[in-house]
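Single-structure report; data block below.
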């Protein structure tokens, strides 16, 4: 089922980030220090009463005080476009100001569910200006304290009620493909080439935003849906705000896809924006194909192809399993080869490993390369089995997971990956203590 987006919006210093951290139950730093990945942390997967959703913290946006009102308005408009449910946060301890009222006015014009969260409420304060908040005109109104946890459960119950109300279960057996990349790498050209090449468009499904369209088509008797084909249109007046929110659009597409196509421009160096997008794919553990577009514009192709591959591998070490393909979306060169790779990946995802064969591979791996001592002891794996999941997932029962060094985990991943043909997809190893 598609994950819905819940956006927390409001002016600075009303407690958006505190509410974000309270809901996801842990503190997130602004910079996420993963190997090769550094990015603004304005989103997280969240869960309440077994329902999962994507939570967005707009507090990650820095605002130039001279452009304060303009930036607030832009922030609000983008949140409306992206979100399925909006939590509008105001400050109980301070009177409403013009920016609160401006946000409220914009939200009333939208068709999105809005929940008013009146933060910094401690139950002891005299409620002498509650009428101010009621005058904002929102029927869903909750007094909360993100610091002390007051009212958070009731707030999330309301969020989930809107998410559940909007759920529609449609039987769809097509493979969902997200085409992701920074502006002007040729995403739209690739979509057009895929669709026009096959000339078998099944449907165009309007998305939740004005400019998002999912396109379905068939190729070699397989059904495909390219999801979230429209990106946020880059407008100079939006500047960095749009760049940050483009990650939200990308995250939504990645989360709800089966396979991701990460597009880069063959004529330009790889940028932080490229690797940031790669980081989203890594976080979501999605199969990915790196599509190098505009290869027709490159001179000395035979000489340059190895250099480009080396550059890509160096920048995207954390998704080393990704296949790389060089194409020209405009000329339709090798475009259908992408779908052949997608079909191969789908086949790999369906492989089920027999338990006894898996344990033979792991026993052999431990013989040829015993686990190093770590945290005062040595890891010992007793047995393992594959469990049901979209990507190949294996539970390894051991003496204690704390004895696992990350380098040895990578070694075991590689042993499983190449023993069972998982070389082009992510796999997941879960270590559990044997009771």
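Backbone N, Cα and C atoms are what each Cβ position is placed from, and that goes for glycine too.
Summarising the annotation, Swiss-Prot assigns GTP 1 binding site to 10-17, 57-61, 119-122 and lists sequence analysis as the type of evidence. Sequence annotations record features per position, and here Swiss-Prot assigns GTP 2 binding site to 181-188, 228-232, 293-296 based on sequence analysis. What Swiss-Prot lists as domain 'EngA-type G 1' is 4-167. Marked as domain 'EngA-type G 2' by Swiss-Prot: 175-350. The annotation domain 'KH-like' is assigned in Swiss-Prot to 351-435.
Locations of recorded Swiss-Prot features on the structure.
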residue	record	Cβ contacts under 8 Å, 6 or more apart
10	GTP 1 binding site	16, 58, 88, 89, 90, 100, 103
13	GTP 1 binding site	91
121	GTP 1 binding site	92, 143, 144, 145, 150, 151
181	GTP 2 binding site	187, 262, 263, 264, 274, 277
184	GTP 2 binding site	265
295	GTP 2 binding site	266, 301, 326, 327, 328, 333
Protein Cβ atoms within 10 Å of residue 187 (GTP 2 binding site), excluding its own: 23
In three-state DSSP terms, the structure that residue 295 (GTP 2 binding site) belongs to: helix
Predicted model, mean pLDDT over the domain 'EngA-type G 1' (4-167): 78
Three-state composition of the domain 'KH-like' (351-435), taking helix and strand from DSSP: 31 helix, 23 strand, 31 coil
Structural state of residue 187 (GTP 2 binding site), classified by DSSP into three states: helix
